[in-house]
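*Asks:* There's a structure below that I have some questions on.
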Amino acid sequence: GTTPVNIRGEPILSRTGGWVAAFFIFGNEMAERMAYFGLSVNMVIFMFKVMHRPFASSANAVNNFLGISQASSVLGGFLADAYLGRYWTIAIFTTMYLLGLIALTVSASVPALVPPQEGCDKLAMLLGACAPAAPWQMAYLQTALYVTALGAAGIRPCVSSFGADQFDERSPEYKRRLDRFFNLFYLAVTLGAIAAFTAVVYIQMQHGWAAAFGTLALAMGTSNALFFVGTPLYRHRLPGGSPLTRVAQVLVAAFRKRDAAFDSGDFVGLYEVAGAKSAIRGSAKIDHTDDFRWLDKAALQLEGAGDEENPWRLCTVTQVEEVKILLRLLPVPACTVMLSVVLTEFLTLSVQQAYTLNTRVAALHLPVTCMPVFPCLAIFLILALYYQTFAPLARRLTGHPHGASQLQRVGLGLFFSILSVAWAGLFERYRRGYAVRHGYLGLFLTPMPDLSAYWLLIQYCLIGVAEVFCLVALLEFLYQEAPDAMRSVGSAYAAVAGGLGCFVASAINTAVDAATRDDEEGRPSWLAQNINVGRFDYLYWLLAVLSTVNLLIFVFFAKRYKYR
């Protein structure tokens, strides 16, 4: 049931897959990440400066876009595992992604789709005196954004899994190749982000919004063409039918037999089909485990019941074990939600910090919107040196063939995220005090010439290290540990955790704003639009406390997890 097939569903006889096929898939992911990060860094400014939305409203709208594009990834994972397979899911949703980017380019190109820009200088923008966008103009922009988000949601859970499918599980080098694949996959993600934070920002500043969004559409169109060119090389896994239906069948069958006892006289055994193959297409048989014993009742075979033909009354052991695996996996990606919260906050808050700082070093003047490139550069450097530096050193300390286990690397990433946000709080306290002492309290969009923005590099580099260890290991962990016929759904766990992080960040911002603002007493919110009046440092320390609690919860679950 796990034999790879070609695009027509025939067992593969010729040589396919491997690194050559994987590199075609890397290109698709690089362009998708370029578009994703290009929109995340530019869309807030586009909504604020062109559509004349308040900054906080613009940031929340983009956070919601990012959240939906990740949280709805379970849809792509479901379609891939159930009906379409990973290749066709990528093909359909990457085309949808391209259409969304083209629609955004049209929005920035046609004057009728944006509000009037006359008389809207910096002062009018700050005072909110610019002509607001008409409801239908915002409706068009948001429709284009959410078509793009839906396209990203379909691609994200499938690309990493489809790339990993290209390697032969029977090879003695399989695990080593898989480890290197996920590192190179995240390297492709990082290269796409670097292009978004540098080339796309430069194009926007020199040639305008239409050219910037058009560049993203062109990159996505090119990557789509390359992806389709590689079609003859790809290995495919047969979709195994609806994973949600199988999960529902296990839950319903277990509930129906909730009062049955394992030691009753009618107990025959736990049901499994005869022979070497599983009843689930695309899946090998899975051995029984003793966790979640209440779910075993779904496979409880009773004498004379005659339930073999009804999967809503009797499920196989393999089907029950699939559900158990999904439950065992759940706490790990759930504990990475907090890392996604920190990443989301950095995307918006650190840009506001950078507007008050000097971004010039000697003759180099870096635009504020390019600042997020630094964690990407840190990630690129660490991934490039990973096998020459960290892995050999960690191997001597732990004896693990890869330097550290997947869960150890996730935990290490969560620890570095705490260091990152704690440093951000310390530096923001110093930056705010400097602004107050030197008369910049009301000048929150004026750079302070004697305070360099490059102090932000410390928090950026720390969060880059956190991403390398946590998110690369999480993708590898979910692919290897997920059931054979649910690997796209397993990979969707990581994307859903990222999406929930965006929503949680918006919820934290809303709660903090409501709890700390008091208009009657004239007390500004911690998240006041004037960063020099607000208290971003308090928010960063709140995130540090929440991240520490989250790490302790992760350690609790990780110590109890048993690898398959």
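A Cβ is built for glycine as well, from the same backbone N, Cα and C atoms used for every other residue.
What TrEMBL lists as transmembrane segment is 90-114, 184-203, 209-229, 329-351, 363-387, 407-426, 453-479, 491-512, 538-558.
Can you tell me where each of these features sits in this structure?
*Replies:* Through the fold, the transmembrane segment (90-114) approaches residues 28, 32, 35, 39, 46, 50-51, 76, 84, 133, 137, 140-141, 143-155, 158-159, 162, 208-210, 212-214, 216-217, 220-221, 223-224, 227-228 of its own chain, all at least 6 residues removed from its boundaries and within a Cβ separation under 8 Å.
If you look at the transmembrane segment (407-426), the same-chain residues 6 or more away from its ends with a CB under 8 A from one of its CBs are 332, 335-336, 338-339, 342, 346, 350, 398, 400, 458-459, 462-463, 465-474, 477, 537-538, 540-541, 543-544, 547-548, 550-551, 554-555, 558, 561.
Within the chain carrying the transmembrane segment (538-558), a Cβ under 8 angstroms from the stretch's Cβ atoms is held by residues 331-332, 335, 337-339, 341-342, 345, 349, 407-408, 410-411, 414-415, 417-418, 421-422, 424-425, 428, 508, 512, 516, 526-527, all 6 or more beyond its ends.
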*Asks:* With Cβ-Cβ distances below 8 Å as the criterion, list the same-chain residues six or more beyond the ends of the transmembrane segment (184-203) that contact it, or say none.
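*Replies:* Residues 22, 26-27, 29-38, 40-42, 159-160, 163, 211-212, 215-216, 219, 367, 369-373, 376-377, 379-380, 383-384, 467-468, 471-472, 475.
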*Asks:* Flag the pair the transmembrane segment (491-512) / the transmembrane segment (209-229) as in contact if three or more Cβ pairs fall under 8 Å (sequence separation 6 or more).
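*Replies:* Result for the transmembrane segment (491-512) with the transmembrane segment (209-229) is no.
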*Asks:* Can you name the far-off residues of the same chain, 6+ from the ends of the transmembrane segment (363-387), with a Cβ under 8 Å from a Cβ of it?
*Replies:* 37, 41-42, 45, 180, 183-184, 186-187, 190-191, 193-194, 197-198, 201-202, 204-205, 346-347, 350-351, 354-355, 453, 456-457, 460-461, 463-465, 467-468, 472
*Asks:* May I ask for the residues of the chain that lie six or more residues beyond the transmembrane segment (209-229) and have a Cβ under 8 Å from a Cβ within it?
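*Replies:* Those are 24-25, 27-28, 30-32, 34-35, 38-39, 42, 46, 50, 90-91, 94-95, 97-98, 101-102, 104-105, 107-109, 195-196, 199-201, 203, in sequence order.
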